[in-house]
Amino acid sequence: MIKITLKDGSIKEVEAGLSIFEIAQSISQGLARNACCGILNGKVEDLRFIVNEDSSLEICTFDSKEGQHAFNHTASHVLAAAVKRLFPQDKLAIGPSIDNGFYYDFDTEKPFSADQLNKLEEEMKKIIKENPEIKRFELPRNEALELMKDEPYKVELINDLPEGEVISFYQIGDFVDLCAGPHLMAVKPIKAVKLLRSTGAYWKGDEKNKMLSRVYGTAFPKKSELDAYLEALEEAKKRDHNKLGRELGIFTTDENVGQGLPLLMPKGARIIQTLQRWIEDEEQRRGYVLTKTPLMAKSDLYKISGHWDHYKDGMFVLGDEEKDSEVFALRPMTCPFQYAIYNSTQHSYRDLPVRFAETSTLFRNESSGEMHGLIRVRQFTLADGHIVCTPEQLEDEFKNTVDLVKYVMETLGIADDITYRFSKWDPNNTEKYINDPEAWENTQNIMREILNHLNIDFTEADDEAAFYGPKLDIQFKNVHGKEDTIITIQIDFALAERFGMYYIDKDGEKKRPYIIHRSSIGCYERTLAMLIEKYAGALPTWIAPVQAKVLPLSDKYADYANEVVEELRRRGVRVEADHRAEKIGYKIREARLERTPYILVVGEKEAENKEVSVRSRKNGEEGAMPLADFVNRIVLEIANREN
């Protein structure tokens, strides 16, 4: 007998050699029916996995993130089975689960039409009704290649696997797919499925490879859950910054400018300017000094920093190393430049910490499949910064950085919408990370200890660190349910040594400083996208590009309308007047659609009494009030940065 420690701490004795599913059955038939996968000794495993020793075990149902992934992963295989039934000539690529659903990539003669998606969805339902058993089996490499010989993408995936790696397959009826799992025991639990859309996607995300047809879908154990999700999806579409941002005149794109290069229109530029001025003032108030550094540098700088070895594919390189005496690259980050500034003068321990901040224009060579609106772009503006400090100052400086981030998130009204992720290295991925296991473990332990001291509730993620050190990622879930990293705080153990950075300690000795890479608000473009979605375009008054709109009832009151505009502008309010010869009702409706916080109607009575008739986004029609009172009110609201 072996001892199984369950999630609630209870211990169950079972025979060795049982599968996770059989252990679930021994606990409860209901639990077994709803089981999607298991977490065995901290690792997600298939329900078919055999347990031979004392272990900790959590049975995951659809209510857990791990369970949802196994559930949707199974649904992706049902989709692939449906495609092979209806379109046997199409070739299989990959079909993972993703947040809130799944996708599968196929090599097709032409993209799937809406009618074909409907037929595939019906075929999936037919397969689910047949309820074939899902079987898992393993094969040696030569037999696996023979089995998949007619599926070129699967052959490539098998050849990519390292020697000795387990090569496993899952079979649904007569459909077989290469897959590591985990999967459900059967397809019957999938009670509701919906194919959402078909798009193009490059094989392995590489633009040099063939464009495949990617089909997105979602699946649930109850139809009511699918209905609720689809309803939420419709609401999300209304809030999507890519749609709203264009409708509200915040940004646009142009195919001649290029993908991933959004054009901020006057309203968008005003919003960014407002946020930028606020952040720069706040950073200076907290002891940061501003820098202004070049947009590019010689490859030599990036070779010292390690970006050339670990990040070159993500950079825009100008020139050819084999032909040109000097090769430059547009900067993907600011750190090497601020290190050069630090090294330009000598520093005593009394000078530390040094806190550099810069509003940096950065460039990253994102692939076309990764770019989205303002969230993933090729040129962006980052509130970047680096703190150079002694080991004794590290925890306080990290805490102060977290305090700044929390203040920014609270002021933006999104503090309750963020989560924290402690991102660590993967010791097996030496191409991505500086290969210094001792330094990694030491720095990760330091960061974990600091996070625990700060009582930060965080999750941990492997293989998500920067190449030079672990990081705390501040995550925000967008309207489509996908988590985006909006801010990172990183502890760097490597670059101070690479750049020869030092300070003189109290004994006159040279010592290596610690470096904290940080941002206060993240990438301004991504933050703007997040705010548009959070507020459905109705940005708080202090952020809104147009804070008040003055509407004269007719041309007779144009002079007074202009007088109101001038007084508001004099007090720093962003205001416009609408002098078009349109009916007042039409102009009010349009101003409301533009999410204008305050609409001020002026006519004969208002002009005579020096008043404005106020309609606020928050309270609706408020009636007439003295102009001076309204000006003081909106100025105070803006100054307090009310949400």
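Glycine is treated like the rest: Cβ placed from N, Cα and C.
According to Swiss-Prot, the protein carries these features:
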type	residues	note
DOMAIN	1-61	domain 'TGS'
REGION	240-540	region 'Catalytic'
BINDING	Cys335, His386, His517	Zn(2+) binding site
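Feature map: annotations from Swiss-Prot on the structure.
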residue: Cys335; record: Zn(2+) binding site; DSSP class: helix
residue: His386; record: Zn(2+) binding site; DSSP class: strand
residue: His517; record: Zn(2+) binding site; DSSP class: strand
* To do: Select one residue from His386, His517: among these binding-site residues, choose the one with the most other Cβ atoms within 10 Å of its Cβ.
  => His386
* **Cβ within 8 Å of the mean position of the Cβ atoms of Cys335, His386, His517: remaining residues of the chain near Zn(2+)** => Met333, Thr334, Gln338, Tyr339, Phe356, Asp384, Gly385, Gln490, Asp492, Leu495, Ile515, Ile516, Arg518
* Structure fact -> Here the mean pLDDT of the domain 'TGS' (1-61) is 93
* To do: Could you give me the DSSP helix, strand and coil counts for the domain 'TGS' (1-61)?
  => 14 helix, 26 strand, 21 coil
* Structure fact -> Here the 10 Å Cβ neighbour count for Cys335 (Zn(2+) binding site) comes out at 24
